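Listed in Swiss-Prot:
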type	residues	note
TRANSIT	1-52	transit peptide
DOMAIN	61-288	domain 'ATP-grasp'
MOD_RES	78	N6-acetyllysine
MOD_RES	84	phosphotyrosine
MOD_RES	88	N6-acetyllysine
MOD_RES	88	N6-succinyllysine
SITE	94	site 'Important for substrate specificity'
BINDING	98, 105, 106, 107	ATP binding site
MOD_RES	129	N6-acetyllysine
MOD_RES	139	N6-acetyllysine
MOD_RES	143	N6-acetyllysine
SITE	162	site 'Important for substrate specificity'
MOD_RES	216	N6-acetyllysine
BINDING	258, 272	Mg(2+) binding site
MOD_RES	279	phosphoserine
BINDING	323, 380, 381, 382	substrate binding site
MOD_RES	341	phosphothreonine
MOD_RES	368	N6-acetyllysine
């Protein structure tokens, strides 16, 4: 029960930390759950642990354009001079400058340059240059980025459109239906989570049979229900069908268009695009995954990806190294049960090497909040002696001074215990998980007290 309770919390953290910093995936989940879609099991979508790649807006818009979806004209600029040239090329009286950062709330964010807002309307190429100079190369701080902020390396310069009406459209995966679902609303251009909470009847859902695919009739019905005028219903439906094809082609887990609009010329346009891609499809979506912007990722997240480790940083002070996502979540829950707070989720997987274990310790100890470490391994496919070798090597090479509690069970566990005992290192072995969790929590409290008193503390193994 405790593990399942933590599961939902972990997914929320994963979404914010490692994947889409924007709120699109969560928003779609809340929209689905808001009215009990599919026999009141809509909230299950929030408990799907997925690793998602996120791309910058301009990259997503390029994919839409390639798919034949109608979007405003726009180009990416990596310098103020390029922004000036693009604004001049577009030739319109006013253009929009959009900061390209993987974080939600950019419109209300603040740059370290002092500029307020990551989306600006400008009225001349000169102003485009001036505004972009305050964005490019500067960090943008939003509610999602916190104090760290996110660096803005480029801006999207696009023509300004004057919408008559704004709509919301998204495609996401719904676990309880075991397939994709289209989501639409006449309330576009606003926070869709608020719409789902305040006016759930304004949200329309259309499940799609994954084998049959989307039917033109379904898209037409959805466009009509969303309130598109009769003269552009066909155009709206065509864009929806093309977006669904894009969704399947690139193994997306979510496409969100907010807003989809009818502009002053009567054309249907997708004004913004947020797309998440399933990281499990990386082997067959090389074109997409080569676009990942590592400058937008936390350093530890980058190191974890290089070592092929599943790592998510949290706010606690007890580092965790575990094999298997389920056991990792149960380990964090039992730490919480005994009054501690986990500093991370770290799953080394079922085939970890000595090198990966060492890299895992580097990740954990690079977090200065960590005051104690709990290793919890159940050796099935994983051999406990391999883990033990990695632990011994890491403690030696990294000169780890904080307490390390190790609980090993399973394949070659006796060999593993012998390796740890023969190492002469101050590694605390424990067979019982409950006892190990209680021990690591107490040790973290001791280290906390020592730090508060500005004294050192040394640990000796029990006789």
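The backbone N, Cα and C atoms fix where each Cβ goes, and this holds for glycine too.
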Sparsest-packed among the recorded positions, when each Cβ's other Cβ atoms within 10 Å are tallied, from 258, 279, 323, 341: 341
Overall pLDDT of the domain 'ATP-grasp' (61-288), taken as the mean: 93
Other CB atoms, at most 10 A from the CB of residue 139 (N6-acetyllysine): 16
Binding-site residues listed as 381, 382, least Cβ neighbours within 10 Å: 381
Per DSSP, three-state class assigned to residue 258 (Mg(2+) binding site): strand
When distances run from the Cα of residue 323 (substrate binding site) to each of the recorded positions 88, 107, 279, 368, the nearest one: 279
Candidate nearest residue 94 (site 'Important for substrate specificity') in space, where candidates are the recorded positions 106, 129, 258, 272, 381 and distance is Cα-Cα: 129
Neighbourhood of residue 98 (ATP binding site), C-beta criterion under 8 angstroms, separation at least six: 57, 106, 118, 119, 155, 156, 157, 158
Fewest Cβ neighbours within 10 Å, where candidates are the recorded positions 84, 162: 162
Tertiary neighbours of residue 143 (N6-acetyllysine) (same chain, Cβ under 8 Å, six or more apart): 104, 105, 108
